[in-house]
Amino acid sequence: MGSGKARWKISFHRSPSSSPSSSFSAEAPPEFLCPISRSLMADPVIVPSGDTFERRCIEACSALDFTPPTLSSSSSPPLLLIPNVALKNAILTWCDRSGLPRPAPPSAEAARAIVRRLMPPAPAAPDDPSPPPPPPPPLVALREGLKAPIGPDTPPPISVRTRRVNPNPRFSPPSSSASSSSYPSSSSFPSSEMAAGAAEETLTQETPTKAREAPEASPTASCDRLEEEILTQLKDSEPSEQEAAMASLRQATRESRERRLALCTPRLLAALRPMLLSRYAGVQVNAAAALVNLSLEAPNKVRIVRSGAVPPLVDVLKGGHPEARDHAAGALFSLALEEENRAAIGVLGAIEPLIQLFTRAPSSSSSSSSDAHRARRDAGTALYHLSVASTNQSKMARTPGAVKALLALATAPNSDAAALRRLALMVAGNLAGCADGRAALMDAGAVAALVGLMRDAAGTPEEEYCVAALYGMSKGSLRFRGAARAAGAEAVLMRVAEDSSGGRAGVRRQMARRTLRAMRGEDDDAAAAAAAAFGTEFDDDGSIVSEGLVSFRRRHQRDFGTAGGGGGGSNTTEF
């Protein structure tokens with residue numbers, strides 16, 4: 001008991017000049033502690049692997065080129081830091097309820113000192129007193145919302161969501177629970193509460209106006225005024241005022257590219273988050289539609305993800321109003337067009353609800369048939385782009401029931417679902433690019449299903465996607481050989497391999513030949529030689545998309561309007 005009292009005395013009366021959160025780390029839930037500093041996190045961020053760290057600590061690891069022991073180094077995607085708003089609010093709530101001071105982030109120097117203590121000692125160097133090279137520039141700030149442009153000029157927007165909304169707000173069920181994958185360390189706290197708290201904090205702490213360098217700005221000035229009006233209306237707790245504010249934002253973001261760029265500010269994005277979780281249909285639908293409109297501009301896409309908008313979108317997908325769910329699927333599709341966003345969207349839990357929306361037939365409670373089909377197509381296209389990222393392929397493969405549902409949709413006889421079938425096949429082809437995906441596909445009977453589909457799809461796009469998926473599954477798998485022989489794959493693959501027509505048939509033909517060689521157990525030297533003749537590298541664990549099969553992506557962009565760089569496609573359909 002004596003030692004226990006001493007500990008409490010030391011904890012509660014420690015000088016504030018000491019580490020701001022280490023005093024209470026022994027009593028804190030372990031998920032509130034940074035794995036690097038072992039202290040309460042003041043600014044927790046999620047990395048693409050799904051782990052959460054104190055921002056300054058993981059930035060110090062990046063600057064010092066050090067991989068923390070708790071972080072898997074099997075893959076090295078670009079380090080993207082996503083604010084874990086839910087966990088931050090959970091930590092602050094716990095501190096307030098416990099009567100403890102809120103944690104403060106360590107300084108950059110203190111974080112580097114912590115990381116250096118974890119690093120193995122450097123080998124003895126020759127007598128060279130020269131100082132170490134300066135660290136690389138700090139990572140892009142995420143919390144304050146990207147004050148600099150993210151990319152070069154982009155083409156004009158292709159379409160804007162313009163659906164007319166029922167002016168009478170209806171009560172729609174709130175999200176059932178926060179996604180555990182969205183908030184890895186705080187599943188016991190409702191996401192709506194946390195998002196609202198984060199929005200209030202941002203609205204009160206950030207300065208009300210920004211100096212803009214280009215004063216030619218009659219549109220900019222009008223956007224500033226509109227921003228202030230919307231934020232003022234949102235301070236009112238009346239749902240009618242909130243709905244009017246979201247309707248104004250939706251209308252403004254519908255009008256022009258300049259307005260979408262000017263209105264994608266940290267304060268408005270922070271205000272949108274709790275509106276996405278509103279119990280009132282009018283508020284939720286308008287907020288989701290406004291976010292879709294903002295996401296159409298390339299410079300806004302990364303900014304929106306880094307603002308913390310993905311977790312509320314995931315909650316809307318799970319239990320929002322049907323029309324808001326349609327918009328949420330469109331928003332995630334639009335955000336997934338940006339390569340830098342894909343790992344983050346996967347980490348934040350969007351994959352499972354997107355798969356459910358994509359593969360599940362619409363219910364009687366959903367919106368109209370055309371709207372439901374559009375939402376499913378948006379969800380499927382989002383999954384296609386997410387599955388290009390290697391970090392998401394295993395996540396999809398391990399999602400319970402996902403691969404079986406994709407195959408069921410891919411082989412559905414309904415002719416109205418042809419576009420959805422093609423999307424399901426394309427996602428399956430990407431999943432075949434990783435070991436987990438290949439195993440999941442074969443567990444679900446994909447070989448027999450794809451061979452059966454090829455028998456009825458000669459010369460069609462579906463045949464091309466089936467060959468790609470079979471080719472991916474054939475890599476280094478004895479199990480594939482037996483399954484392919486049992487399904488009679490040799491006959492359909494021989495037909496493709498002997499096709500002498502030009503164009504994309506050359507790609508299909510080469511993949512079919514390599515798959516046949518794998519079925520016959522020919523060695524990797526022959527496959528490598530064939531790859532060299534085909535102008536690609538032989539990679540036994542590569543992605544289908546990275547195998548030089550650019551025609552798949554081009555065809556997909558033409559058929560589904562997903563070209564991110566302009567052209568005539570659209571990433572949402574006008575309605």
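Placed from the backbone N, Cα and C atoms, the Cβ positions cover glycine too.
Quantities reported herein were computed from a predicted structural model and do not represent experimental measurements.
As recorded in TrEMBL:
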COMPBIAS  1-12  compositional bias 'Basic residues'
REGION    1-28  region 'Disordered'
COMPBIAS  15-28  compositional bias 'Low complexity'
DOMAIN    27-101  domain 'U-box'
COMPBIAS  120-139  compositional bias 'Pro residues'
REGION    120-257  region 'Disordered'
COMPBIAS  173-192  compositional bias 'Low complexity'
REPEAT    308-345  repeat 'ARM'
On average, what pLDDT score does this prediction assign to the repeat 'ARM' (308-345)? 95
What does DSSP give as the helix, strand and coil breakdown of the repeat 'ARM' (308-345)? 32 helix, 0 strand, 6 coil
Tally of DSSP helical, extended and coil residues in the domain 'U-box' (27-101): 26 helix, 10 strand, 39 coil
